[in-house]
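Note sheet for the following structure.
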Amino acid sequence: MGTFIGVYLPCLQNILGVILFLRLTWIVGAAGVLESFLIVSMCCTCTMLTAISMSAIATNGVVPAGGSYYMISRSLGPEFGGAVGLCFYLGTTFAGAMYILGTIEIFLTYISPSAAVFQAEAVEGEAVEGEAVALLNNMRVYGTCTLALMALVVFVGVKYVNKLALVFLACVVLSILAIYAGVIKTAFDPPDIPVCLLGNRTLSKRSFDVCSKMHVVANNTVTTALWGLFCNGSRPSATCDEYFAQNNVTEIQGIPGVASGVFLDNLWSTYADKGAFVEKKGVPSVPVPEEGRTRGQPYVLTDIMTCFTMLVGIYFPSVTGIMAGSNRSGDLKDAQKSIPTGTILAIVTTSFIYLSCIVLFGACIEGVVLRDKFGEALQGNLVIGMLAWPSPWVIVIGSFFSTCGAGLQSLTGAPRLLQAIARDGIVPFLRVFGHGKANGEPTWALLLTALICETGILIASLDSVAPILSMFFLMCYMFVNLACAVQTLLRTPNWRPRFKFYHWTLSFLGMSLCLALMFICSWYYALFAMLIAGCIYKYIEYRGAEKEWGDGIRGLSLNAARYALLRVEHGPPHTKNWRPQVLVMLNLDTEQRVKHPRLLSLTSQLKAGKGLTIVGSVLEGTYLDKHEEAQRAEENIRTLMGVEKTKGFCQLVVSSSLRDGMSHLIQSAGLGGMKHNTVLMAWPASWKQAAGPFSWKNFVDTVRDTTAAQQALLVAKNIDAFPQNQERFSEGHIDVWWVVHDGGMLMLLPFLLRQHKVWRKCRMRIFTVAQVDDNSIQMKKDLQTFLYHLRISAEVEVVEMVENDISAFTYEKTLMMEQRSQMLKQMQLSKTEREREAQLIHDRNTASHTAVASKTQAPPTPDKVQMTWTKEKLVAEKHRNKDAGVTGLRDLFSLKPDQSNVRRMHTAVKLNGVVLSKSQDAQLVLLNMPGPPKNRQGDENYMEFLEVLTEGLNRVLLVRGSGREVITIYS
């Protein structure tokens, strides 16, 4: 049974059960032969296209246990595979419940009605309701016992299920042959099956035997039981129903045979509303008003409204068995050969049987009998049983074993599907169901399947659940087709299926047909099934294990990313699309951990998951020596990015110097059009003690690099005081000091921050600085108008700065700054002199060695110059350097500050005082960041100016625009 027969037999188990249990004859009668042929062709085409796609996937490598789930998950990823696989598992499990209920219904209705445990209570007017309740209770009892017996058989071993499958298949084949034999027999000897009509209306023969109003008994004309159903008494003079009085009672043959020509009458559809009469076309009838109609008249009525789309939904479960064999892929010797051969052969067989039965039923059976869903005109008998030869019991027994076998196949395939999902570990709480017996049988999965199946049996009526089952199956088929189409279109090197008879257009057509059938059957059930699958998908994405299976969705994402990158490469983004694409510069400690984690918090608050974020850092050294530390640092950064919910990319560079590494990141981070336009870094808080790698020199050079690269720069001062993502400001202000009009980036940043929950309740204030001769009132109006057009809500205030005399504090601050600068130069000079002295000693030793050697060699040529250092020269040089150092220190303490530095310091002190007076209590202050000096003289003074400018403020964001970012007023 490990060959293709193991796939072929499960797919055939439900054929006869569908023909009987789903009442294919009724579908033919309602839709007509042509539309029924179209319905069956659509469903069979859908399954055939799905089988072709499944065959291509199944032959592209080994298919272990899991079948359709394994194919989808390895082709579309764990999220799609898990979502569709769980939906398909639920569908297969409830289908098992449906087959078991069908088995019990056939047993209690047609085989042994006396075996019912619950009997209908004889309450007048409620006989039908009582019979229905009793039948449901009997189905619950017998269904539970049957489920327990089937689960025991599956638990013992799948080999016993395969042996029983042969017996069931033999019954199915005999029943189908009996149907064909009965059709052939009707050509020369049609059965005598009378159907009673009143006018053109079909009558139910459950409550009468003689199809006549009156008949003669002993030369006396007496009324029949039919008369009593339509009249007030048994006398001929009694008052009767008007339609009964004006129309005749006639009998026609229910199965006139192939040669009768009834095929033309059954060719077209006869759709009807719920409660409509089942009428025969072409029979004379006298119409009467319906007001006089009373309950209890033996008419055959339609129980539900019929239309094309509704019949598609009713019929489709007949083709949901094509995955039954593939679900047992783990038990097959060679799944790559068995699945394509067995599945396609089963579909060809079922399609032929379905289509031929439609034609033969339409050619043999009268239309009113076809539309009689429950066989009421035949005293409750099965019309197919009466058509079959030699006995109706062949059909009854065959349908019983067919549904019983289909239930066993569902209980065999569903646990293996769940076990495959559990063993992959993509759904954490299902991992326990991956365990089983020593031989791999899914014991725990079988127990859960039986419990879910018991739920369906206790419901007892699956009329509302059955459409959802069809949706789950259709969704699985749709994703199988999608997986094949994606793999074919991507042309991945690993896509080399042995099955060659496929094409992406066929897969796409199958996918489209599955989606169309979902909405044709029931659009609201389709949406409900998609919602369930979507919830499972998001759960797996959020809580499931990370799996990398080389799936097609990842390849599709790479192709889409490549296409998008090529599209955005053509030019810079439009002003309306501009947003900060941030390169975050992180500093690491000696253990490769991030020094300022709040920098990533600020990034996520600023970006809110939108745009590009690159988190970069630099390790000093060579890559060969530092590659393990680099990997550890990258893991630490990625972990911190996950904690801070920063969505972006990590890029770590190993460079010989920190300065070069940061420059490389600024130049080369990103890819194509997805490059950063803004650099975010922390203020070097310990720059005054700077002699290490994070000195002010690296900071100033980075500022120059961003300016040269035309990128904006954001510098966060006191970054450790910035809020975490979990914090919330219930009040406060974000103050913007708009000193230099840089295109509006200062306006945009607070707006972006206020989109995040941390800053949402903070109000925005904008301060602009005016000189004495400026018109402050007009400046305020212009700025308010500008903000109105920008659709930004903020308070506006114009601050006037009055030119005062330079204070003694400013003078002293400037003097201290310049003394420190000079001291740094002297320290650097002393270091240079020490290096020069060491070089002089080295030169003296070299010169002495050369003089000794010259005595034994030829005299030197005139163009060579020899330097000879004597002891006196060295002592004189040393005293000269010492005197120069003492003189420099004296000059350092007798300095007078430079007037330009005094003016700059005065401006910084005054602006800092104004900012403190207005924004000392603000949650965040944004300031224009002045640029460093063009020449490298005075870089340390630049740092001092920035320090004085922001002194006393809690949280500061210094902003230096590139001039390329512009906030626009246009839509």
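The backbone N, Cα and C atoms fix where each Cβ goes, and this holds for glycine too.
These features come from TrEMBL:
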| type | residues | note |
| --- | --- | --- |
| TRANSMEM | 6-25 | transmembrane segment |
| DOMAIN | 7-186 | domain 'Amino acid permease/ SLC12A' |
| TRANSMEM | 37-60 | transmembrane segment |
| TRANSMEM | 80-101 | transmembrane segment |
| TRANSMEM | 141-158 | transmembrane segment |
| TRANSMEM | 164-183 | transmembrane segment |
| TRANSMEM | 300-324 | transmembrane segment |
| DOMAIN | 307-583 | domain 'Amino acid permease/ SLC12A' |
| TRANSMEM | 344-370 | transmembrane segment |
| TRANSMEM | 382-401 | transmembrane segment |
| TRANSMEM | 444-462 | transmembrane segment |
| TRANSMEM | 468-490 | transmembrane segment |
| TRANSMEM | 502-526 | transmembrane segment |
| DOMAIN | 597-713 | domain 'SLC12A transporter C-terminal' |
| DOMAIN | 716-971 | domain 'SLC12A transporter C-terminal' |
| REGION | 845-864 | region 'Disordered' |
| COMPBIAS | 847-858 | compositional bias 'Polar residues' |
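Here the transmembrane segment (37-60) does not touch the transmembrane segment (444-462). Their Cβ atoms form fewer than 3 pairs under 8 Å, with each pair 6 or more residues apart. With respect to Cβ pairs under 8 Å, the transmembrane segment (300-324) is most closely packed against 468-490, considering the stretches 80-101, 141-158, 164-183, 382-401, 468-490. At the 8 Å Cβ cutoff, the transmembrane segment (80-101) and the transmembrane segment (444-462) share at least 3 close pairs (sequence separation 6 or more) and count as touching.
Most Cβ pairs under 8 Å with the transmembrane segment (141-158) belong to 444-462, among the candidate stretches 164-183, 344-370, 382-401, 444-462, 468-490.
The stretch in 164-183, 382-401, 444-462, 502-526 that contributes the largest number of Cβ pairs under 8 Å to the transmembrane segment (468-490) is 502-526. DSSP places the residues of the domain 'SLC12A transporter C-terminal' (597-713) in helix, strand and coil in these numbers: 58 helix, 24 strand, 35 coil. Confidence over the domain 'SLC12A transporter C-terminal' (597-713), given as mean pLDDT on the 0 to 100 scale, stands at 86.
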